[in-house]
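**Q** The structure follows.
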Amino acid sequence: MSNTSTTICPFWHYDDITDCAKYNLQLYPAAIVGLVSFAILLVKSTFSYVKSVRRSYHDLPEESKPLLDVATSYGSATQESISEPSAKSQHFDLARLPETNEDGTPHGTVELVYKSISERARVSIEYILVIAALALHLLPFFVHAIAREFKHAKYVPYVQSGLWTYLFLICTIRIVNLKRVSIRLPSLWIHSTAIYFFNFFPSLFTFRSALVHHGLKSQVRQYYIVEFAINVILLYLNFTAKVGDKPSQLYRTPGVEPSPENVSSIASFIAYSWIDKMIWKAHKSPLKNEDIWGLRQDDYALHVLKGFEASKSTFRFTYKLFAHFKFLFAIQAFWAVLESMLVFGPSLLLKKVLEYVADPESIPQNLAWTFVLLMPVVKMADSISSGCSLFLGRRVCCRMKAIIIGQVYAKALRRKVTVTETMEDEEIEPKTDSDEGSKKESKKTAELGAIINLMAIDAFKVSEVCGYLHFFVSAILMIVICTLLLYSLLGWSALVGSFAIFALLPISFSLARWLGRLQKKMLKVTDARIQKLNETFQSIRIVKFFAWEDKFFENVMGIRNEELYYLKFRSAVWCASAFVWFITPTLVTLLSFYCYTIIEGKPLTAPLAFTSLSLFTLLRSPLDQLADMTSFVIQSKVSLDRISDFLDEPETTKYDQLSEKSGNPNAPTIGFENAILSWNSKSATDFKLRDLNIDFKVGKLNVIIGPTGAGKTSLLLGLLGEMDLISGHVHLPGLIPRDELIVDRHTGLTDSIAYCSQSPWLLNETIRNNICFGTPYIQERYDAVVDACGLSRDFQILSAGDATEIGEKGITLSGGQKQRVSLARALYSNSKHLLLDDCLSAVDSHTALWIYENCISGPLMQGRTCILVSHNVALTVQKAEWVVVLENGRVKSQGTAEELLAAGDLGDDDLVKSSVLSSREQSSTNLQSLSDKNADMKAKAAAIDTKLRKIQSQQEEVAAKTDGKLVEEENKAEGVVGSDVYLAYAKYFGGWSTWTLVVIAFVVSQGVFIIQTFWLRKWSSESSAVEEITMRATQLQQSYVVRSLINPVVASFNAINAYKEAHTTLYYISMYAVIGFTYGFASCFRLYVTFFAGIKASSRIFETVLKKILRAKLRFFDKTPLGRIMNRFSKDIEAVDQELTPFAEGVFMCLVQCVSTLVLITFITPGFLVFAVIISFLYYLVGYFYLTLSRELKRYESITKSPIHQHFSESLNGVATIRAYGIESRFMKQNLKAIDANNRPFFYLWVANRWLAFRIDAVGSMVMLCSGIFVLLSIGKIDSGLAGLSLSYAIAFSESALWVVRLYSTVEMNMNSMERLQEYLDVEQEPPYEIKETEPRSSWPEHGRISVKDVSLRYAPELPRVIKNVTFDVEPCNKVGIVGRTGAGKSTIITAFFRFLDPETGSITIDGVDITSIGLRNLRQAITIIPQDPTLFSGTIRSNLDPFGQYTDVQIFEALRRVNLISASSQVGTSQSNDENQNKFLNLDNSIAEGGGNLSQGERQLICLARSLLKNPKVILLDEATSSIDYKSDAMIQQTIREEFGTSTILTIAHRLRTIIDYDKILVMDAGRVVEYDNPYVLLTDQSSLFYSMCENSGELDSLIRLAKEAYIKNKNSLRK
């Protein structure tokens, strides 16, 4: 009986290979492998020789080369001239990044690993075995009995001995090179290993032949057995060798153990046992971050991105990305092809075994046992192929994620600083009435939330799908092979079934496309939700100040509900596509068997039925993969398009602007030449700087002044190249990246820029790191800078000095401290040119004077250009060499201070005149040196300290020194995800009714599935019985006598049988169809119930967590980086939304399948029960070890995402500063470092996944083996139908078992997201929002009387008191100014009114109501604050002034007039001429960018003031509310406050003493105590008062006394009336 026969040489005969096949196996493979190996060696050696000759030629001295070969000879282009990098690429080209860390240390070092003694011994044993093999293959030439074996194949001994001689030579060279490389050749170890591998398979056949063929002579049998033994040992030796001929390379990075992947043997690589050490470590104790190994050198983000950028392809990002991985994809495809062939092995072997069970005479017993033994072997080969392709997929996934995040980050750094219009996406935002011009913007630029989403969700989706792209190759191949096999079984009937599959494909594909469209819509809504949440949490202070939590909660939930709508819609479509998938096998089997039995009229036997069913089940898998992959690819395409669109957004033109030379010999070094600059020329409300001709004085102080909104900040940003240059030229040095600059030996400075923005941009770091900003720490210089910026005293106050962590955006520092840290950073840098934007606005007048004298015009500024924007004209123009006055985007005038004073352009303030005149007198007579001035200022400060010491007689509470850490390490749960997490989720999921429904749905669907298989067995056994009767009757007909007697009986019997058979077949088919469709509906219902209950659960979880976070104490937001909170609301919520339920459903289903399979096999062959227990225990062990590691790795993977988010949002907020300093490469390296920190746990998580899959498959193949053995041992006791049931379920078992563990681990990983969200349910909450019992009357507060009695406050129980026994009363309608030095507790006492801190002692009452006794909503809505940091939301002017539609347009415009944003005469809705900048506040629908990015700081403060004016409360608190507004506007606003809020009580913190000098009372605070409290004039009349000293220090004493006196007399007069 020959399976594969040809006319020339049949391969098989009965139970063994034929003799000619045996000779062919020994001849051809050996010849081909040997020749290919030799050819490769020859080619490689030739190439390396040519290369070495060329290299030695290049190393020749220049004069010994031919003339034309010299690179610099005439006509040749130098390398520099060919590839001179552009200014932009110098800053942003990832390919140019040096292979160093941000501190300059090497990124990593390559460590060579040489052969150990055991490895050398291994090579020696190999050498001895090769000599033995050579000797063995020479025996045919000397031993007659063996020579006779090859008499018909004389070439075999020659080829075999030739191959082993070649191997002997290779091994000899390897032995010679063991200690030191003497003979240089390509890696010979690879060649010998490959030959051993390919030699193994022919020798396996000859070995089996030697065992089963009894006619062989003993010497020949021993020859084949020894040959096989040597081959096995050689293959084992090389497969377990850790190091080849060349030393292996370990890549060691600082603080991380290197990956042992490169020093792993082939065997440990295939079985993934190289990760055993990490698994064992995780088992012994919870894994720490440093226990996670580093990556392979080529997996690190820096190397990946350098490789990607090096290609310099001009294709669109998508094509470039996939082209980059083409080789890895090709190798993946190879393994996928191999897998798609091997996967059918067990099914084909099953058919053979079942045929043997049905008829033991059909094949020999030894062959049946061979088939059973081959089943697990083929299964493992399939597992290895599948594992290799998936492992490569994960490597691609890791690298792709690094590329996408790295590219998005680099793009975000080089993106144009845009002024975004209102969102024009109708699907998300309600339509606004804004003019068409703003709606027709070519493309809306991505906002912060959307960019974070690109990185958090889109990068993950795209890289994830690339891990599985090889499924397309394997799926298509599997479908083809499967169809061919089915055709060989069922004939054309199989094609009918296969056609049905293809007929259903368009339905699956259209459903997949529908899913893709829904995903796209949902992602847009998710973007909007993340954007809204990001904005809410960034502005949480203002939300709490105004008690807007409920309103913002409603806004977010509005977007969330839309997101849930799409999620439900998507789940419904998913259920529909799942139904198609569930009924496909039934439909296919039904059609095929119908055609086979009814139309062809053939009987359905058990081997046929179960092999077909097994193949149809196999066919379902690739189809499912195709449908799933199509769906995922479509979803990923959506994400990839979003990424590509972002990467195609406009980039900054800064480097083109600044590198363009004007050609004018008199062009300024720093300045503008006929420049017109614009922010957004497409916008109707665009702000332009026009006709700029400014030549700033290099090495001198230049001051820019002008009213609020004049364009001063825009001028600095325009100078930095951040605006669009419409015409003219911008001149500024500093195009070269900071790390490439040459330091001037004499001055220690570089020709670069330092920029101090108006809103200080600080890193979530220590103060020292913020000041040093990546430059080396030099103690002497650092101390001088700290002193010059007036930070010395602040460092004494702060518990950890300059080691204090300042939180996100410097949250723990006061406004003045933030500005001074930002200023110190600019001063400490080695930049020659400093651009300072209003850095004196938030400091008191005494500190401002100190900074001006010591920093801005002090010794550290000597020889440096300083361009300063300021409103403090009187102080700053004193020593200015050049003053520029701006007005509405134009230069009103410029010149020296005297020239402008004479022209009247410095205003009519007497202080400015006296200041300019006195400074000129001083400069002419040089009366006072800086040290004298400093001594004078220090003496005044000392006088204040002396006065304070007299007042403070009480014992002070000593502030304990701390390590300064504010941001705590992110919590990471350890061990198994707690049962409390599962229980919590179960409660959210639903009550008993939901759970009962879910359990019933699962049990019913699996029950119906098993019934369907049993029905098939019943059908096939019935068919077999009918066939048997017919066969026996036919045998009886052979005898003539019997035939004549029995013919009539048989004829009638056949007729009855045929009629009965047709009906029974139809009956069986109908029942099979009914059961199949029932299964489809039951499974679909199961999915529907679980998915929708899961969505309901995630909706409840989101709502609960959001409420908790919005009600959390402010301290939580100070200590928790925004990125960390956003990670919970993006990735974790997405996991609970979209992943948890499907995976949990999968686990439960696979578990039901596994249990039912074990029960079924045990029922058929009871002896299997013992093995079932052992196998279950092995599964438990594998699952346990996998989960101990994967659980911890997943937690680290989740935690390490937050720093990427945080660094992203931090960088995006400070793009202009990063670019100004020229330190883009440092920030890109930080980003790459964060990517690597995340990729490490991610990569090993998937290696662990492969480790699991291999072992589960190994145990699964044991199930297959045991099942097969028991079936063979039970021959005669069970029929082939039951055997088919047992074996087909055994084949499917390992797949189900693998998915139980794998899906359970995924569920646990996603439960980790639930655990992280649950962690936020325990956040410390603020006091009750509403207390019905103590709710104050609706008119409260009627008068505005405030009483503060003995109030003490702490930020936390373990921290010292910041407010100490403060007592003061404020009469109704009084205006109280609060003054004091930095850290005095001014802002703290104000926040106490809003109960951000509750008093430890004492009480605060407003109109007799204790504020701690009422709900926060009543309190916060009754009083108003205008905070120091103006907070605006993206939207329109109207939505910012009146977020919840409570006021009319008339009221809003009136408020804008009162704060001087629109003049009393301006007509609302009228537009000005195009030559001038339009007043954007005339149209309430004009847009405001995220965070108010398109307004100046002063305008933002005025909007916040107008917002409070609308509220018209009884109690108003102003915290530095006008610090960024020019003095003239400030005076007008103070007048407005006096007039408009005449009936309100006002508490104002101010550094400008002029602002509060005419108030009713002044509260002087220091170190958390009230030092003085009285009328300003009364305090000024007492020269020993602290307030007097403060006024004296400001340099405005006389005018302040005059103003205070006027106000005092006016007040007295009004009281008399």
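Heads up, the Cβ atoms here are built off N, Cα and C, so glycines get one too.
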**Q** Per TrEMBL, which of 158-176, 1146-1164, 1165-1183 is transmembrane segment?
**A** 158-176
**Q** Near the transmembrane segment (465-486), which residues from the same chain, at least 6 beyond its ends, have a CB less than 8 A from one of its CBs?
**A** 325, 329, 332-333, 335-337, 339-341, 343-344, 347-348, 389-390, 392-394, 396-397, 400, 494-495, 497-498, 501, 592, 612, 615-616, 618-619, 621-623, 625-626, 629, 632-633, 635-636, 1246
**Q** Six or more residues out from either end of the transmembrane segment (158-176), which same-chain residues have a Cβ under 8 Å from its Cβ atoms?
**A** 26-27, 30-31, 33-34, 37-38, 123-124, 126-127, 130-131, 133-134, 137-138, 141, 182-183, 185, 188-189, 191-192, 195, 199, 245
**Q** Between the stretches 333-635, 1033-1309, 1346-1592, which wins on the count of C-beta pairs under 8 angstroms to the domain 'ABC transporter' (670-913)?
**A** 1346-1592
**Q** So which residues does the transmembrane segment (125-146) touch in its own chain, when a touch means Cβ under 8 Å and the partner is 6 or more beyond its ends?
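**A** Distant contacts of the transmembrane segment (125-146): 156-157, 160-161, 163-165, 167-168, 171-172, 174-175, 192, 217, 219-220, 223, 226-227, 230-231, 233-234, 237-238.
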**Q** May I ask whether the transmembrane segment (223-241) has at least three C-beta pairs under 8 Å with the transmembrane segment (327-349), counting pairs 6 or more apart in sequence?
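**A** They are not in contact.
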**Q** Could you tell me what the rest of the chain brings near the transmembrane segment (188-211), counting residues at least six beyond its ends with Cβ under 8 Å?
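**A** 16-17, 21-22, 25-26, 29-30, 33-34, 37, 40-41, 126, 163, 167, 170-171, 173-174, 220-221, 224-225, 227-228, 231-232, 234-235, 238-239, 241, 244-245, 266, 370.
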